[in-house]
Amino acid sequence: MWPNASSLGPCFRPMNITLEERRLIASPWFAASFCLVGLASNLLALSVLMGARQGSSQSRSSFLTFLCGLVLTDFMGLLVTGAIVVTQHFVLFEWQAVDPGCSLCHFMGVIMVFFGLCPLLLGAAMASERFLGITRPFSRPATASQRRAWTTVGLVWASALALGLLPLLGVGHYTVQYPGSWCFLTLGTDPGDVAFGLLFALLGSISVGMSFLLNTISVATLCHVYHGQATAQQRPRDCEVEMMVQLMGIMVVASICWMPLLVFIAQTVLQSPPAMSPTGQLSRLTERQLLIYLRVATWNQILDPWVYILFRRAVIQRFYPRLSTRSRSLSLQPQLTRRSTIH
């Protein structure tokens with residue numbers, strides 16, 4: 001693939017880094033602590049979710065199903081990728097010696113793309129579900145909401161996996177990245193690398209943008225109903241407000257964690273002159289920027305469960321007591337029905 005890499009597998013690029021430099025960059029204790037905190041956070045969120053699903057309404061049950069899918073994805077992402085990265089940081093093995101055929105690198109590249117895109121796609125799916133639930137409450141059969149939610153989660157997983165497998169089918173490449181402890185898509189000039197990098201960045205960015213648009217409309221609708229001429233019995237339920245607060249939190253976390261990396265990938269593959277030399281080497285600045293943005297993106301897997309844990313109704317009521325004292329409504333449907341009748 002690269003002129004001076006004929007004796008190596010297709011996942012190896014030139015990378016000038018000493019063992020001492022790798023030790024300074026890749027702290028095994030930090031990586032292990034990071035993974036343990038993330039795994040514990042997601043397990044805690046799963047236990048809270050299991051309790052919340054008992055006796056929940058149809059709309060809330062569907063939303064909690066999406067949340068379960070999101071937390072499970074984050075947990076498995078930390079578990080699988082963390083096992084590889086933490087082992088590499090402790091042992092400091094040479095990837096060429098352990099994985100000359102690039103099988104491990106290809107596997108890690110697939111799961112990095114899969115577990116990276118899934119939270120963004122699930123966020124967009126959750127935003128769509130809440131948008132329809134708030135603005136079109138009669139457009140879907142309530143009895144099928146939970147089954148439909150799991151089907152949607154499965155489709156998201158399948159779509160992200162299909163995208164992650166593209167480099168194994170010849171569209172782009174997965175290569176070992178600086179400082180030699182992880183694999184990801186290649187920020188090169190090859191048409192396949194450019195196409196795959198742009199596809200990954202655009203799909204992630206569109207998911208974030210779609211979440212922002214639909215969540216904004218949903219929040220505006222809730223505010224209109226809440227502050228309109230509706231009686232107390234026609235105002236949004238506490239759970240409607242709770243779900244939107246959690247969804248907005250998930251969207252903000254995903255935007256802060258992932259948008260820098262997505263923008264950086266798009267800018268780098270489109271950069272002129274190219275960021276990667278003909279020999280397959282990136283500048284040290286570009287390599288370090290990619291590593292920093294990737295580390296920021298991985299915080300999404302730790303922060304997601306805490307958005308649900310901290311933004312539950314019981315916690316919100318501590319800071320906003322009015323939420324527990326005001327009259328609880330039956331649903332949004334009376335007000336929305338009246339509006340649709342008028343129009």
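Backbone N, Cα and C atoms are what each Cβ position is placed from, and that goes for glycine too.
Swiss-Prot assigns L282 and R313 to topological domains bearing different names, which places them on different sides of the membrane.
The recorded disulfide partner of C105, taken from Swiss-Prot and restricted to C183, C223, C239, is C183. Counting Cβ pairs under 8 Å that are 6 or more residues apart, the transmembrane segment (67-87) and the transmembrane segment (290-311) reach 3 or more and are in contact. Within 10 Å of the Cβ of C183 (disulfide bond) there are 26 other Cβ atoms, across all protein chains.
Counted over residue pairs 6 or more apart, the CB atoms of the transmembrane segment (30-52) and the transmembrane segment (194-219) come under 8 Å in fewer than three pairs, which marks the two as apart. Beyond the ends of the transmembrane segment (290-311), by six or more residues, the same chain brings 25, 34, 37-38, 41-42, 44-46, 48-49, 67, 70-71, 74, 77-78, 115-116, 119, 177-179, 182, 184, 187, 242, 245-246, 249-250, 253-254, 257-258, 260-261, 264, 268, 282 to within a C-beta distance below 8 angstroms of the stretch.
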